[in-house]
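Undergrad: As listed in Swiss-Prot for this protein:
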BINDING   140, 178, 181, 264  Fe cation 1 binding site
BINDING   178, 231, 264, 267  Fe cation 2 binding site
REGION    1-31  region 'Disordered'
SITE      216  site 'Confers substrate specificity'
TRANSIT   1-35  transit peptide
């Protein structure tokens, strides 16, 4: 089953976006209609307004749905975050840097020799692996979007750009750690000579310009559930690219991917710890938030990926990742099972409302439902031949989905 079947948005429709935003402390909601005005429909594709629209539809979005009393929870957690969350960050002086894995440019002979070694090691690695590695790198390079999105979360966002709130410190320092991932993969891929860097760079620019449809609703419950899921997903993905790099004989690339995976695991632990604390303080609100996010579907952060050519680029990248075993629908179900165990969702008892109990029942049966869907999808896939798609990232060569 393609990861995209579970994690992507429907194709973009040409219509105004509608954003629904409840006023804090009141039940009515505001509906803000946002549209791009064009004077000549025949030139629609050339209008600046549409030129920067995401290639996929960003559905109607709710904003600021968390009530004030829930925001107070995050204020009360600041001492906890200072003591329990920030220690998951590494001091800069103790952290690895991309240059630790790359040829040193100050010595001409050594630099050129090491670049030749990289190109020799990677020349026989198949295109499908590079498609997935590039997709992973592009996802990491869209980091400005992720920091921006975290700073939309009420109660924890960096209000000034330099706030000393532990939540704001975490967001900035987490971003700084993550920044090394895309930087390192980008430089290594450039040195291999195996990918079309201009098309890769275009994809990064398109993706950052498109943003992401997070479905957070400015709600930190939703935001931290999402990041818990995504950090585990990236841990799995980078771990599998490390394993495949070893199989293909590139020990350095395996070490790069493994090092990034270790960072993602540490970040996963931190985010799951936040949600674990929320389940302790507010089990009813937490289980409802988790069920809500799963019903809306946890979409991958790069689901608006586009290279200027392929309108279904993310779906195609996801299909290749599924086929070569880097990230699969089974992983998606496995992550949910892991988080349900980690947060002890099945054993929640006292303190749940009727809606909370219904959310609990839904969540506890969801992994098996996902697995059954995967099995049926896999059975259907076996009956049809797998198509190939041209990827601009590998100079337009066809890669099997």
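Glycine too: its Cβ is placed from the backbone N, Cα and C atoms.
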Undergrad: Please identify, from the binding-site residues 140, 178, 231, 264, the residue with the sparsest Cβ neighbourhood, meaning fewest other Cβ atoms within 10 angstroms.
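TA: Output over binding-site residues 140, 178, 231, 264: least Cβ neighbours within 10 Å is 178.
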Undergrad: Where's the emptiest Cβ shell within 10 Å among the binding-site residues 181, 267?
TA: 267
Undergrad: Long-range same-chain neighbours of residue 216 (site 'Confers substrate specificity'), Cβ under 8 Å, sequence gap at least 6?
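TA: Result: 149, 152, 153, 222, 223, 226.
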Undergrad: Here's one to test understanding: among the binding-site residues 140, 178, 181, whose C-alpha is closest in space to the C-alpha of residue 267 (Fe cation 2 binding site)?
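TA: Comparing Cα positions, the candidate nearest residue 267 (Fe cation 2 binding site) turns out to be 178.
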Undergrad: Secondary structure at residue 216 (site 'Confers substrate specificity') (DSSP, helix/strand/coil)?
TA: coil
Undergrad: For the C-alpha pair, I'd like the distance in angstrom between residue 264 (Fe cation 1 binding site) and residue 231 (Fe cation 2 binding site), rounded off.
TA: 5
Undergrad: Measuring Cα to Cα, how many angstrom lie between residue 231 (Fe cation 2 binding site) and residue 178 (Fe cation 1 binding site)?
TA: 11
Undergrad: Whose Cβ lies within 8 Å of the mean position of the Cβ atoms of 178, 231, 264, 267, the Fe cation 2 site, other than those residues?
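TA: Sorted by sequence, the hits are 174, 177, 227, 230, 234, 235, 263, 265, 266, 268, 271.
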Undergrad: Identify all same-chain residues not among 140, 178, 181, 264 whose C-beta atom falls within 8 angstroms of the centroid of the Fe cation 1 site's C-beta atoms; report them in sequence order.
TA: 143, 177, 179, 180, 182, 234, 238, 260, 263
Undergrad: What does DSSP assign residue 140 (Fe cation 1 binding site), in three states?
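TA: Looking at the DSSP assignment, residue 140 (Fe cation 1 binding site) belongs to a helix.
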